[in-house]
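These notes are about the structure you will find just below.
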Amino acid sequence: MTSNIKKIIIKTLTLFGIMPALYLFGISLIFLFTLSSDLLKNPTLDDLIMIILILFGICGFVGLSIQLVSNVYEKVKLKIALLSLSIIGYFSFFTFTNGLQSWTNIFDSFKNFNENFFELYFILAPIIISIILVGINLEIQKNNNLR
C-alpha cells in the first residue's frame, strides 16, 4: 500500500472515530466537573476512580485529535500512549459502572442493530478505531525502529 493511500485511510478512520468521540468528550467534561465537586464535598474512592477513568477517556480524545491533525509518522509514541489509556479507561469505565450488566446491554443492542445503530456507533466507534490506530501506530513505530 502506498504511503498516500495509507495516510488517507488513517485520516478517514480517525475522522469516523473523532465524531462520536467529540460527543463523548462533552459528556465527560460534564461528569468530570460534577464528580470533582462531589469529590471535594464528600471524598469517596468511587468518585476518584471515575474521575481517573474519565481522564483516560479524555486522553483518548486528545490522541484521536493528534492523530487527525499531525503527520501520520510523527508523535507515534504519544499517540500510542494516549489511545492505549483510552482503551484501558473505556473497558474499565463500563466494567466499573455496572459490571457485567453494561456488557450485556451492549451485546443485547446488537440484536436490534437497525434500531440501535446510532447508539452502537457512538459507543463502539471511538474504541474500535482507537484499537485499530494503536495497531497501526505500533506498526509504524516498529518500522521506525528498524530504520
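Cβ atoms here come from the backbone N, Cα and C positions, even for glycine.
Listed in TrEMBL for this protein:
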type     : residues : note
TRANSMEM : 12-36    : transmembrane segment
TRANSMEM : 48-68    : transmembrane segment
TRANSMEM : 80-100   : transmembrane segment
TRANSMEM : 120-138  : transmembrane segment
Ranking 12-36, 48-68, 120-138 by Cβ pairs under 8 Å to the transmembrane segment (80-100) puts first 48-68
Per the Cβ filter (under 8 Å) with a sequence gap of at least 6 from its ends, the transmembrane segment (12-36) is approached by 47, 50-51, 54-55, 57-58, 60-61, 64-65, 67-68, 121-123, 125-126, 128-130, 132-133
